[in-house]
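Annotated in TrEMBL:
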- Cys204, Cys269, Cys270: Zn(2+) binding site (BINDING)
- 1-284: domain 'Hcy-binding' (DOMAIN)
- 315-559: domain 'Pterin-binding' (DOMAIN)
- 585-679: domain 'B12-binding N-terminal' (DOMAIN)
- 680-802: domain 'B12-binding' (DOMAIN)
Amino acid sequence: MSSAHILEKVLVFDGGMGTMLLEKGLKPGDCPELLNIEKPEQLEEIHLAYLKAGADVISTNSFGGNRLKLTEYGLQNKVKEINAAAVKVAKKAANRLNRYVAASVGPTGQFIEPLGTLTFEEIYEIFKEQIGALAEAEPDFILLETFHDLGEIRAALLAARDVCSIPVICTLTFEGRRTLTGVSPASAAVVLESLGAAAIGANCSGGPDALFSVVEEIVHSTNLPVIVQPNAGLPQLIEGKASYSLEPEAFIQALESYFHIGVNIFGSCCGSTPSYTAAIRKRVEGFTPHKRAVQEESVLASKEKVVYMGNNQMPLIVGERINPTARKRLAEGLRKKEFSIIQNEADIQVEAGAHMLDINIGTHGIDEVETMYNLINLLQQRINVPLMIDSTSKDVINKALQIYNGKALVNSVNGEEKNLQEILPIIKYYGASIVGLTLDEKGIPSTAEERYKVAEKIVNACEEYGIPRRDIYIDCLALTIGTDDKASIETLKTMKMVKEKLGVNTILGVSNVSHGLPNRSKINAAFLAMTIVNGLDLAIINPLDRQMVDIWEAASLLAGRDQKAKNYIKNNSVQKDEAVKNPAKSLEKPIGKPSFEAIQKQIIAGSENVVEAVETLIEQGIKPLGIINEGLVPGLEIVGEKFNSGEFFLPQLILSAEVAEKAFQCLEKYVSSNDEMRKKGTIIIGTVKGDIHDIGKNIVAVILKNHGYHVVDLGKDVEAEDFLEAAKIEKAEFVGLSALMTTTMVEIPRTIKYIRNVLPDIKIIVGGAVVTEEYAKESGADGYSQDAVTAVKILEKLKVRS
């Protein structure tokens, strides 16, 4: 049986490696992966303990074995040696009992652009190096685990595919119903399945109860085997040691619901030991997974949202307005790299109801590859709907798909052989979907029968490259009836033939039918209704045209594609906002005078126009403190509220923080000293001794700076003595301690005690992935911050008390 087919069985994975290493004497600051070389006998003992407890699959001790992580220990030149040794010792143990080995690969601890400084190519090469070393030692599986960023796990999965044919299992870690960067379970499942993952699931993230809704969403979004590896509850401090809240029996009881939704691979994560594995093994004996419905619908995804297409689905609206053709201001914005114009167009189309956005940047005077790269990075931070990459350039398409953290639709290929050979391999590689135009080297055929032949050729070519029919969208081409009064009839005939004979999706630029005619909206709306009846799946239209949207709603209902009239009732049972009923053309709309409210909106939107607005208010005589207190800070507070409510996620939070910081820097020119602007207090911040993870701490530092705090960031792996010394030198009112690992969280109470011995009145807040509010209280902290926004609120409360 192949490794991939093994994953279809009921399998038991092992549990926490860190927990066992701590019992073996691993100290904070030690490199766990170095034990593969220095103490392989200890790792063999751990592996055997899990195997004897009933694990079918054991994971290698290589979670942090990438070059970036190993650099923290000066081991960057031992990537190959460490990873090869990890697989070797695990295989030695597994072979004794005829079991399997999964080579563990964790995240780098850094963000890809634009959230971080690393490019996709750099992250890809880092994973390629590690996975290549693991693969040479021949594990049964590659296990990508505990990722929170879809872009990073995409890079790792592509690297794994490129260096070996070993099945890849992908798990992400979630906070609530999203990852740290806002990835939904459904989006993760759709994207990773399209990229060739062998199994998908979730790990870490709290106990079984915390993960159930996440895994349930994954189960309903993929046909792949599903894996779950929760923590043993929540960490707590008992007699100076970190322990977890769920004993094996309670863990299994909490895991029970997973056995009824189709999960077939079970394991455990932080805080667990072989006793948890034994409990899982006992429960799965004789267990047959719940049979899952096969997912056959066509699907596209952003990192946050998934949309479905098909005969029984509502046809979806693709916003057409991001296109420089005949739009001078938009074209000029592209040439000047003033992307706020594009961002505004994206925002208003999504607000008006677009399910997807077409991104077309075809204009002269720009580097299309660079422009598309920058635009995709910007839009996917702010826009939660899937994107359609509108280009015929293989270089533009390749760069866009490389960095897009979703399953995109590419517009387009045509029937020319060269075009198909250039574009389709890129589509297949990135797991994207493709639009096929019914034209070839001879041009656009005049009859439906001829266009159908081109469509058939495109579909056959796609299947030869391994692109399934559910990922193919045929554009039957709408031509203007101004020059051919039968043009629309031929388009509709082609569409019907394509749907009935080829069974693929259809897409159409509806408004082309009225080109050159007056009162175009009337014609477009009538034609849209006809296309919906004939099977149109994606309508490329202007979502700000209310007449078009009204017809889309009504025609979908009458064509039997709005099940139980759900969409129609939803959109017509309440009075529409006047602005939505009568949308203005966004680019032609005069820009209002800058105001405090305008600045707030620009902070919320993450618009760099805020700097220009600040400059204008200064010229009008408005004081810097007024701009800060009435514009910037309230805007940041609204962003914080949206973040806490789950409407915004980390990318939006960081984008707003970055533009706010630019506004603060602008204002600093107009005050005599920074004291006037920065007088909320000083905080010393850092990760505790032995902890080399600083993503969360860095985010907190950025947000606190935006809210007027003087932040002294000591970095990572900070000794208690250094926290104390910095607090004394800076005369700080606050200290912020962060710990991400179970092996280092015990340093929190020790550091607090050390600081308090000298500075008893200083306020200390703590946070980090493994830290809970209960643990913070037990450690003697004054406050617990689960995220950057909460940190601001806690400091404000502590200031009031002091």
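Note that Cβ sites are derived from N, Cα and C of the backbone, with glycine treated the same way.
Curation plays no part in TrEMBL annotations; they are all automatic predictions.
Listed in chain order, the residues near the Zn(2+) site other than Cys204, Cys269, Cys270 are Gly16, Thr146, Thr173, Asn203, Ser205, Gln229, Pro230, Asn231, Ser268, Gly271, Ser272, each with its Cβ within 8 Å of the site Cβ centroid. Counting other Cβ atoms within 10 Å of each Cβ, the lowest count among the binding-site residues Cys204, Cys269, Cys270 belongs to Cys204. Each residue in the domain 'B12-binding' (680-802) gets a DSSP state, and the totals come to 56 helix, 24 strand, 43 coil. When the domain 'B12-binding N-terminal' (585-679) is classified with DSSP, helix, strand and coil residues number 65 helix, 0 strand, 30 coil. Across the domain 'Hcy-binding' (1-284), the model assigns an average pLDDT of 95. Annotation note: Cys269 (Zn(2+) binding site) sits in a coil segment as assigned by DSSP. The secondary structure of Cys204 (Zn(2+) binding site), as reduced to three states from DSSP, is extended strand.
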